[in-house]
């Protein structure tokens, strides 16, 4: 696979090369010369041709953020890289290079046409992100395993495929295998696939295809289930009660509690622990369900607030448009009258009247804006009070429920301590009938040791409960603060933008009036 430009020295993709390429492919007449003088912004370039330049490495393309078509064929590129910012790329030609591995395409989600013809590629992979891929050219490479074809089944839009002059293209079943496993393909190696060939291929590989479809359906169902679980977890996180709809918190209390796990083997502790867990989980589920309900209330409150703000802004804008329309109708009529007037005193008087109308419009628009600012400020303050109260009530009730968890832990601790002391006394007196595991028996050397072990277990459990409560309170308070800050900042930005728009419009009207010089009018 000889490259046509290997006799030249390898070149670097620097700014000079890119500027030259952009200039060469632009208009060559007067418009092109003007564009070269003023400079062409890379971000405005939609197509870039960099073939036959002996490029060794792809680099410095990050500014071409709106590029749609990139031609890099007939170079000596060894690695696909440097394309991360080309998210809008639709067409990419990397044919006639020295590429061995498909990589670096993860951000090209809009790519439809990819050519890797005449490289050194031996495996088809790492194309998962190219969900819109329609045309794939991989001819004249080193692909020798037909299983690579199965990988391409995931590309539902793929209609054209080229794999000629690969080792697999020499296989007797090459065409039939591809037609069977890629039934939506329309062109293979630049030739249209007829319906008869498709039917023969399907019949020949029907059993294997059916088995593969079954496996794909199972995998798809699993992926959908995992996605549903992720979405559900995200919903729970939004409500700040993730992992509280079961025994997760309780289990985490014992996950790092070796003493507690050992003590669970004491006679009578198993039943005690089971009762404790059941009651504890009920409280956690209550927190979880309460959290979801409160999240819905907060969402409703936020949606209502957003709708009120939108309606207020829209109504205010409509009033402003009506005032501007009325002004412009009169203003255009006045300008026409000024141009037709021949007497200078009358012209000056009419210009003063127009200027007064402009000032009156400015006052009216600014008054509308000030009214809107006051209206939105009142709405925002009311929303802030409501959401803060809702968050405060939520925290208060959660803390109350968490206190019940601590009460259960304290009760369990007392019972466990009683059983432990009783067991110690039986061991000392030799009345213990049950055999204890060695790790557990090691705790019963004296009263201090067993009391410390029970106490350490208790401390771990309380810490887990406290940490989960603190995490919930901290996160929802942070959410509330960020939300309110964002709302205030958005309103400030909206107001500044609107005032700027009003001033620009008024300045334009006044400038237009000022340019009506008496000499021009009389002429």
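Cβ from N, Cα, C; glycine included.
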Residues flagged as coiled coil in Swiss-Prot, choosing from 103-137, 138-172, 173-207, 208-242: 208-242
Which listed span Swiss-Prot calls coiled coil, if the choices are 340-365, 366-391, 392-417: 366-391
Same-chain residue ranges lying at least 6 outside the coiled coil (366-391) that approach it to Cβ under 8 Å: 294, 297-298, 301-302, 305, 308-309, 312-313, 316, 319-320, 323, 476-477, 480, 483-484, 487-488, 491, 495, 498-499, 502
Spatial neighbours of the repeat 'LRR 1' (44-65) far in sequence, C-beta under 8 Å, 6+ residues away: 4-6, 8-15, 17-18, 21-22, 24-25, 71-88, 93
